[in-house]
Amino acid sequence: MTKRFALGIFDDEDVLLHAVENVREAGVKIYEVFTPFPIHGMDDALGIERSRLPIAAFFFGLTGLCFALWLQIYTLGFDWPMIIGGKPHIALPAFIPVSFELTVLFCCHGMVITFYTISKLYPRWKTPVLDVRSTDDKFVVAIEVNENTDMTKLTQLLRDNGASEVNQKEMSKF
Amino acid sequence: MATLTHQESVTAEYLEVTPGTRKNFMLIIVAGVVLLAIGIIMSMMGIGAAHHEGAAAAHGAAHGAAEHHGSAPWLKRLIVSLWHNNVFFTGVAAIGTVFVAIQYVAYAGWSVLIKRVAEALSAWLIPGLVIMIVVFGISYFTHDIFHWTLPGIMEKGNANYDEIIAGKSGFLNLPFYIARMVIFLGLWAFFTKRLRDLSLAEDLNGGTEYFHKSINVSALFLVIFAVSSPIAAWDWVMSIDTHWFSTMFGWYIFASWWVSGLAAITLCTILLKQAGYLQWVKEGHLHDLGKFMFGFSIFWTYVWFSQFMLIWYANLPEESVYFNQRLGGFDGQYTWMFFGNLLINFVFPFLVLMTRDAKRQMIMMKIVSIAILVGHWSDFYLAIMPGTMKAGNGFVIEIGVALIFLGAFLTLMTNRLAQASLVPVHHPFLDESVHHTT
């Protein structure tokens, strides 16, 4: 589906931060802000809620822990029991390092994959970028617009808040 | 809401230790003295702890004629718990300076507002040194703490001769031991004073010169502390079980001191804030302290487990005797503490401080930091008591002595806190700390 965006280009992150606050106060919904580096306080200014990624991380970790315990208890305890150092077949203290490592492994891989998927950062033929300068020295505020939007008013609002230019761009598969 | 500009101006703020607070500290000491007296009377009447002869007999199997009897049970318990508490409190005091030094070396800005709390923690170092020398001096003649202090234990042909201990005579001898104790604690106290002086001079004169000097002093101190703290751990704690050794032990004791020190800084910060001071300390600072306590509780467990698992797996008699004594030895006297230690120092902080919200709430942080302090006091108890008291350990005298130490520690600490502004007004990173958000 094709979406149309108004792009406010900013030169300074301090100006940008206040602009974001003011634009949101004026009742305009901001689609996303693209910056070359993380800006302190931007999440608060955009009103982004805390990520639910930790919840996913917990379940990935739990999966890893269960897998590790199953693997060790089944292989060493039932499938092919061996006597190692006179310890019982299911020697839990000896299982802790492997259980820990697999928990971490499942947890971090699961988190990275989940994060890339929900942020649409997975490999694609053509990566949609609204303005390539947002990876260099410009800060881009993207606002989704449609045919009912009053573009002159929006442009004025962005310019009043310090935007150096205001562009429009259509993007498919965004 | 974080903004990049700042409107507020931070001014100096002085702690006033009210007579009521002083009275409370005195009450803690008095309560300790009362408990101590009760404990001594109980011990003299033979209640509250297993009898000493049985303990000596249990240990005697390993040493035969070389076994010694030491002081009367109550006196032995008193000397051992003075040592136990002093090792714990002196370590926590040293961590105050270690914390400040690490923040300097890391160019950390967030911690500037709580720097004075960490500095004040170190007020105990000099009394700690004095008490340590005195208690060691007494125990050298009563042989209550260190088995290797027995006369003739390192002389061939003597009735007390012990070949393994004699092999350690190059390290465990009186002049070298005392020299290490004095030099280590002296160096820690010297660097504490140096950092404190620079910090106070900065308050008066301003400028970045003191900051750069502090970084150099801190870096030097951290190197010295990194070398001296594990050796101190071998000396003060590991040499109690003279036959036994563990290469993890230095780190293990350091981890225990470090996480208790962090808990003490957190607890003190929260108490000051609740008393209306440190108005610039916000949730963000608490959050960072919480992450520190959470992370280093796990670190302590990691070191604990690394030590335990290798010994458990290899199962060499000279190594596993340490855990035999604590897990099921002396009729299971220490079993509950052994597992309780893991519960209070790992499971509890791990589960409670897991969420972001918990780290930002004063009540949660208060509960966890108290639990960590109690937990690591018990950790030292578990490291020291089985080797010295055998089955004859108890809690009344020990907690009494701990309360006396606590009261004295708090008195000295609040005195030092009141000596200077709670806010280091001319620290170059003060502004960063005031605007710290996480």
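Every residue, even glycine, has its Cβ placed from backbone N, Cα and C.
TrEMBL labels come from automatic prediction, so no person has curated them.
The shown structure was predicted, so the numbers you read here are calculated from the model rather than taken from an experiment.
TrEMBL lists B:25-47 (among others) with the feature transmembrane segment.
Counting only same-chain residues 6+ beyond the ends of the transmembrane segment (B:87-109), those with a CB under 8 A from a CB of the stretch are 115, 118-125, 128-129, 131-132, 185, 188, 191-192, 195, 211, 214-215, 217-219, 221-222, 225, 229, 236-237, 253, 256-258, 260-262, 264-265, 376-377, 380, 384, 405-406, 409, 429, 432-433, 436. According to TrEMBL, the transmembrane segment annotation covers B:87-109 (among others).
Beyond the ends of the transmembrane segment (B:121-141), by six or more residues, the same chain brings 79, 82-83, 86-87, 89-90, 92-97, 99, 149, 174, 177-178, 181-182, 185-186, 188-189, 192, 196, 236, 261, 264-265, 268, 408-409, 412-413, 415-416 to within a C-beta distance below 8 angstroms of the stretch. What TrEMBL records for B:121-141 (among others) is transmembrane segment.
Annotation source TrEMBL lists transmembrane segment at B:174-191 (among others). Within the chain, the transmembrane segment (B:174-191) has long-range Cβ neighbours (under 8 A, six or more residues past its boundaries) at 90, 94, 97, 101, 122, 125-126, 128-129, 132-133, 136, 140, 149, 217, 220-221, 224-225, 228-229, 231-232, 235-236.
Annotation source TrEMBL lists transmembrane segment at B:219-237 (among others).
Using a Cβ-Cβ cut-off under 8 Å and counting only residues 6 or more beyond its ends in the same chain, the transmembrane segment (B:249-272) has close neighbours at 15, 88, 91-92, 94-96, 98-99, 114, 117-118, 120-121, 229-234, 237-238, 278, 281, 285-286, 289-290, 292-293, 296-297, 299-300, 303-304, 307, 345, 362, 365-366, 368-370, 372-373, 376-377, 379-380, 383, 413, 417, 422. Marked as transmembrane segment by TrEMBL: B:249-272 (among others).
If one looks beyond the transmembrane segment (B:292-314) by at least 6 residues along the same chain, the residues whose Cβ comes under 8 Å of a Cβ in the stretch are 246, 248-249, 251-252, 255-256, 258-259, 262-263, 266, 320, 322-323, 342, 345-346, 349-350, 353-354, 359, 365, 368-369, 372, 376. Sequence annotations record features per position, and here TrEMBL assigns transmembrane segment to B:292-314 (among others).
Annotation source TrEMBL lists transmembrane segment at B:334-355 (among others).
Summarising the annotation, TrEMBL assigns transmembrane segment to B:367-385 (among others).
Summarising the annotation, TrEMBL assigns transmembrane segment to B:391-412 (among others).
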By Cβ distance under 8 Å, which residues at least 6 away from the ends of the transmembrane segment (B:367-385) in the same chain are close to it?
80, 83-85, 87-88, 237, 240, 253, 256-257, 259-260, 262-264, 266-267, 270, 290, 293, 297, 300, 326, 334, 337-338, 340-341, 344-345, 348-349, 352-353, 393, 398, 402
Contact set of the transmembrane segment (B:334-355) with the rest of its chain, CB cutoff 8 A exclusive, min separation 6+ beyond the ends, reads 259, 290, 293-294, 297-298, 300-301, 304, 325-328, 364, 367-368, 371-372, 374-376, 378-379, 381-382, 385-386, 393
